[in-house]
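Copied over from TrEMBL:
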- A:6-25: transmembrane segment (TRANSMEM)
- A:74-95: transmembrane segment (TRANSMEM)
- A:116-133: transmembrane segment (TRANSMEM)
- A:153-170: transmembrane segment (TRANSMEM)
- A:182-200: transmembrane segment (TRANSMEM)
- A:247-269: transmembrane segment (TRANSMEM)
- A:281-302: transmembrane segment (TRANSMEM)
- A:399-423: transmembrane segment (TRANSMEM)
- A:444-464: transmembrane segment (TRANSMEM)
- A:470-491: transmembrane segment (TRANSMEM)
- A:503-527: transmembrane segment (TRANSMEM)
- A:547-566: transmembrane segment (TRANSMEM)
Amino acid sequence: MDQFTINLLFVGASFALYIGIAIWARAGSTSEFYAAGRGVHPVTNGMATAADWMSAASFLSMAGLIAFTGYDNSAYLMGWTGGYVLLALLLAPYLRKFGKFTVSEFIGDRFYSPTARLVAVICLIIASTTYVIGQMTGVGVAFGRFLEVDSTTGLLIGAVIVFAYAVFGGMKGVTYTQVAQYIVLILAYTIPAIFISLQLTGNPIPGLGLFGTDQASGEPLLAKLDQIVRELGFGEYTAHNGDTLNMVLFTLSLMIGTAGLPHVIMRFFTVPKVSDARWSAGWALVFIALLYLTAPAVGAMARLNITQQFWPEGTAGQAVSLEQIENDPAYDWMATWQQTGLLGWEDLNGDGRIQYYNDKSAAMQEKATAEGWAGNELTNFNNDILVLANPEIAHLPGWVIGLVAAGGLAAALSTAAGLLLAISSAVSHDLIKGQINPSISEKGELMSARVAMAVAIAVATWLGMNPPGFAAQTVALAFGLAAASIFPALMMGIFSKVNNKGAVAGMISGLVVTLVYIFLHKGWFFIPDTASYSDADPLLGTIKSTSFGAVGALVNFVVAFTVSAMTKPIPREISELVESVRIPRGAGAAQDH
Amino acid sequence: MADQSTHHAHGAEEAGKAYWSANLRLIFISLIIWALCSFGFGILLRPMLSGIKVGGSDLGFWFAQQGSIIVFLALIFFYAWRMNKLDREYGVDEE
C-alpha cells in the first residue's frame, strides 16, 4: 500500500470517529450547545480542554520553531503551560462560581455595564479570529501534505471541513469528540518521538533522550547539535542568541494570553463544582504537558536529523548530492514536500550538491568563497512542515506517518471548532441576544450562531492564505491581544473593586495599543504591504509584535485603576457580587439571563 | 434573637475575610515559585546557573524546556488540594 492510501485511511478513520461521536451527541437545546449541561468530569474535561487548547500551533508549528531557533523559543513551552497556573489560581474557580455561560457575561455583570460587555465581545472576536487564522495556516499545511496538493488548495478543502464539523457539533459533541481527538493527537505526537528518541539516544522517553547521549557520536545530544549548527554558521542551539527583555515579555504575553482566551476559559464553566474547576486546570495541564515535555525533544532531534541528512559525511565533508536526493529513498520526503510549495532547494553554484548553511554569517561567507558556494541552497524550509515531515525524515514506518497526518488534522480541527464556537456564542448570545434583540427565539439564536461561524471561517481562510507568520507566530499574536484586553479585566473583576468606567477604558486602551503595535509590524489587517516596521527592527527597543501583549496588559491595568480612582466607586450590590464570587459556597448550576 | 443573627452574620463575614486573605497568601507564594522557575531559572538567572551541567547543556536550559512545566503542574495540584482543604476549614465549601 502506498503512503497516500495509508494517510487517507488514517485520516478517514479518525474523521469517521469524530463525526460519529458528534452525531451521537448532537446538541439539542441552547444550554447544551454552549456548555454541555455541566455534567463533565474534571479528567474528561481536562482531556477535552487539552485537545481544544493544543492546536495546529502546538502540534504542527511549535517544535519547528524551537528546532530552528533553539533555546530562545523555549518561550513557547513556558508561556503556553505557565498560563494554566494563572488560570487555576486567578480565574477558573471564581468564574465557575459566578456561573454564567460566557466570559463577556461575567464582564458585563461585574462591571454593571452593557458597554463593558460589548467591548469584551469585540476583544474576544478579534483575538479568536486571529487565532483561527493561525489554525487555518496549519490546516493548509496538513491537508496540502496528505492530499498531495499545494497548501492553498489544502486550506480551502480544510476550511469546508472545519465549518461543517463545528456547525454540527456544539459543545457536547465537541467535548466528547475532543476526548477522542486528544487521544489521536497525543499518540500521533509521542509515538514518532519515541521512535526517534530510541534511534538517536536509546532512551524511549523523548524528554530524557533530549538530555541523553547521541549514540552515533557518543557525545551528549545537545552538545553534538550545538557543534554541527555552529559549524554551519548558525547560532548555537542551547545558547541565548536573542534579546532577554523580548524573551521575558514574549513568555509573559503567552502566559497571560492563555488565561484570557475565551475558548479555554469556557471549559471551566462546564465542570460541576468550584473545587472541580481547580482540579480541571491541573488535569488539563497534565494532558498538555505530555506534548509540551516531548516537543523540545522533537525539535532538537529533528534539527539534528535534518542537518545530518544534508551533510551525510559531517559538516567538514561533502554536502548531499542532487543525485542522492533524487534516488535515495531516505530523501523521498523532500520530493513529497516540494509539491506543497513549503520546501524548496536549488543548486545555485551548479556543483550537483545542495549546501545548507547560514549564508548570513561572516565566517561562513569566507568559507563559501573558498569552497565555491553561492549561498544557502536549501532555499525554502517552512518551519511548519517539520513535525509532519519528521517521521518521514527518520524513515519511520508508513502507519506512523499516517497517524501523524491524522493527529495534525485533529489538533487543527478541534481548536478551530472550539474557537468558532466561542466566536459564534459571543455573537449570538452576547451581541444579538444580550444587546440587539433580547427576545430572539432559541432557534433564531442557534441560526445566528451558525451564520457567525460561517463569517469567521471565511475571514480566517482568506487571511490564512497570506498569513502574518508561521502558525504558532500568528497564534502568539492572538494571545497578545487576549493578554492585553481580557485577562486584566477578569482579574480586576475578581481581585479588585475597579468600576465600570475603569474596566471599559482599560480594555479599550489595552486592545487598541496592542492591535496598533501588531498592525504596524505585520501590516494593517495583516495585509503584508502595509507594515511600517518589522519584527527584525521593532518600533520600541527590542520588543517584537508577538511580545507586546504583556505591555498592552500593563497599559490596561494602569488605565483601569487610574480611571476608576477618578470616577464613582462601584455600587453596593456589585461589591456584594465580588464578595460572593470569592467564596465557593452557593455555586449552583449556571443561569441564563 | 435579632442580636444573635447579626452576630452570626458578622462572624461569617470575619471568616470570609480570613479565608480570602489565606487564599491571597497562598496565591502569592505559588506565583513567586511560578515566576522563579520560569522567568528566573529558565531565563534571567540562567547565566548564574550555567555551571550546573545537565546532559549536554545547563540547568537553566533544562528549566526552560522541561523543569518549569513540571513545577507548574505541581503548583496547580498543590493549590487545588490546599484550597479545597481551606474551603472546608473555613466552612465555605459547596454542600
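Even glycines carry a Cβ here, placed using N, Cα and C.
Counting only same-chain residues 6+ beyond the ends of the transmembrane segment (A:247-269), those with a CB under 8 A from a CB of the stretch are 34-35, 38, 45, 48-49, 52-53, 72, 75-76, 78-80, 82-87, 90-92, 95-96, 99-104, 124, 127-128, 131, 171, 240, 277, 280-281, 284, 415, 418-419, 421-422, 425-426, 476, 478-483, 485-487, 490, 543-544, 546-551, 553, 590. The stretches the transmembrane segment (A:470-491) and the transmembrane segment (A:153-170) do not meet in space: the count of Cβ pairs below 8 angstroms, excluding pairs fewer than 6 apart in sequence, stays at fewer than three. The recorded stretches the transmembrane segment (A:182-200) and the transmembrane segment (A:116-133) do not share 3+ CB pairs below 8 A when only pairs 6 or more apart in sequence are counted, and are therefore not in contact. Residues 30, 33, 125, 128-129, 132-133, 135-137, 139-140, 155-156, 159, 162-163, 166-167, 416, 420-421, 423-429, 432-433, 437, 525-526 of the same chain lie 6+ residues outside the transmembrane segment (A:444-464) yet bring a C-beta within less than 8 angstroms of a C-beta in it. Between the transmembrane segment (A:74-95) and the stretches A:116-133, A:153-170, A:281-302, Cβ pairs under 8 Å are most numerous for A:281-302. In this chain, the transmembrane segment (A:116-133) lies apart from the transmembrane segment (A:281-302): fewer than three C-beta pairs between them fall below 8 angstroms, excluding pairs fewer than 6 positions apart.
Sequence-distant contacts of the transmembrane segment (A:281-302), counting only residues of its own chain at least 6 positions beyond either end whose CB sits under 8 Å from a CB of the stretch, comprise 42-43, 45-47, 49-50, 53-54, 58-59, 62-67, 74, 77, 80-81, 84, 87-88, 92, 182, 185-186, 189-190, 192-193, 196-197, 200, 206-207, 209-210, 221-222, 225, 237, 267-268, 386-387, 390, 393.
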